[in-house]
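A.B. asks: This structure is in structure tokens; I'll ask about it shortly.
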Amino acid sequence: MFQHLVESLPRRVEAVIAAKGSENEGKAEGVSESETKPDTGLPEVPVPADDTPEVLNKALSGLSSRWKNWWVRGILTLAMISFFFIIIYLGPMVLMLIVLCVQIKCFQEIIHIGYSVYHSYHLPWFRTLSWYFLLCVNYFFYGETVTDYFFNLVQREEPLRILSKYHRLISFALYLTGFCMFVLSLVKKHYRLQFYMFGWTHVTLLIVVTQSHLIIHNLFEGMIWFIVPISCVICNDIMAYMFGFFFGRTPLIKLSPKKTWEGFIGGFFSTVVFGILLSYVMAGYSFFVCPVEFNSDHNSFEVDCVPSDLFQLQDYALPATLESLTGWPTVRLYPFQIHSISLSAFASLMGPFGGFFASGFKRAFKIKDFANTIPGHGGIMDRFDCQYLMATFVNVYIASFIRGPNPAKVVQQLLALRLDQQLNIFNSLKSHLIERGLLEDVA
């Protein structure tokens, strides 16, 4: 037992020992068993105070805490859904701006937890470097996106053309500057803690910035690829809560004691039905299904196209069993509705694991929520823990089953070549088409 304590103690209380000096070394020799439990060497993160609006507190004062929380969550959920409808109406560019704002807020909430630990030792530059790395990573990702999707705009403007040409070099130089600043900030006796926090920042960037950037990519494929997945996660969260609140009896997972199997199963079937119905409604509008494109003639972003086959109604033959039950030999659906079953199933079965992951993270630091931004719901990260996992799945799904070669992007890349290179490609393509019999050799 003593050997086990000696081996495990330095990993748990090394930061406290380094900060407190010889006083804590004396305490460590007589450490109790409770002090060997995980995370006792880290300062506790302050728990956010209850910021429920006073008007709601007064209106719901006669209710039990369980029903009061139900009403607060319900009212704020309706408010957030209304806000979601408004930004959808304002169009894709506003949606992209909102995604960026959400990303920054989620990053701030996670970094603040780390800062509460790090600041206890009065070590320099952690918050400054964290925000600097956020700036660098966003510059890299959004620069790649602008070059990829708005090639014509970039090529027309000389400053943008130069920034595009040397974009990765500039991005690397910016990151290298931050890397050198971190090395210069290292303080004797606190190296390990500082490297912990360096890793904290980079994992946060990986989870928040990379996955929020995938949301932007999904949005460029058409607003329906943004709205349906997000709505499925919201529906699953609401319906799982409702089924669990009224019918929940069987605990689902220890990380989230309030989650129940009844809520999980009820949320699954509700979300699949919701996804099919929502997809049917949205697939008929070009505003939702057309990709976002830049019109160089009008110098504006447009959402206008002839919908692809994915958004054209088609007849599907029903299996014999379903035909006997319904009396319908066929059903008329959009192909996207078939894909929506995969999206809603993932939102119901795998999406909650993003929430379980966040629950484990919060338990590790003994906090209830990431912040108290939204009364009854916690912080923005508490609402988007499942959304980021969902965004990654949608991006992978589009790349695997939906997106094919894009002729417009091929032409953009060809136009960026020198004239002699364009001519060589033209002659090679011409020879290939003649060999296939698609062109006649007029020579």
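Glycine is no exception: its Cβ is also placed from the backbone N, Cα and C atoms.
The following feature annotations were taken from TrEMBL:
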REGION    22-47  region 'Disordered'
COMPBIAS  22-38  compositional bias 'Basic and acidic residues'
TRANSMEM  70-102  transmembrane segment
TRANSMEM  123-142  transmembrane segment
TRANSMEM  169-187  transmembrane segment
TRANSMEM  194-216  transmembrane segment
TRANSMEM  222-243  transmembrane segment
TRANSMEM  264-288  transmembrane segment
TRANSMEM  336-358  transmembrane segment
A.B. asks: Which range wins on Cβ pairs under 8 Å with the transmembrane segment (169-187): 70-102, 194-216, 222-243, 336-358?
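C.D. replies: Answer, by Cβ pair count: 194-216.
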A.B. asks: Can you tell me which recorded stretch out of 70-102, 123-142, 194-216, 264-288, 336-358 has the most Cβ pairs within less than 8 Å of the transmembrane segment (222-243)?
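C.D. replies: Per the Cβ count, the answer is 264-288.
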A.B. asks: Counting only residues 6+ away from its ends, which parts of the chain sit with a Cβ under 8 Å from the transmembrane segment (336-358)?
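C.D. replies: That would be 224, 228-229, 232-233, 235-237, 240, 253, 255-256, 259, 264, 267-268, 271-272, 274-276, 278-280, 283, 289, 310-311, 370, 381-382, 385-390, 393-394, 397, 401-402.
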A.B. asks: Among the recorded stretches 70-102, 123-142, 264-288, which has the greatest number of Cβ pairs closer than 8 Å to the transmembrane segment (194-216)?
C.D. replies: 123-142
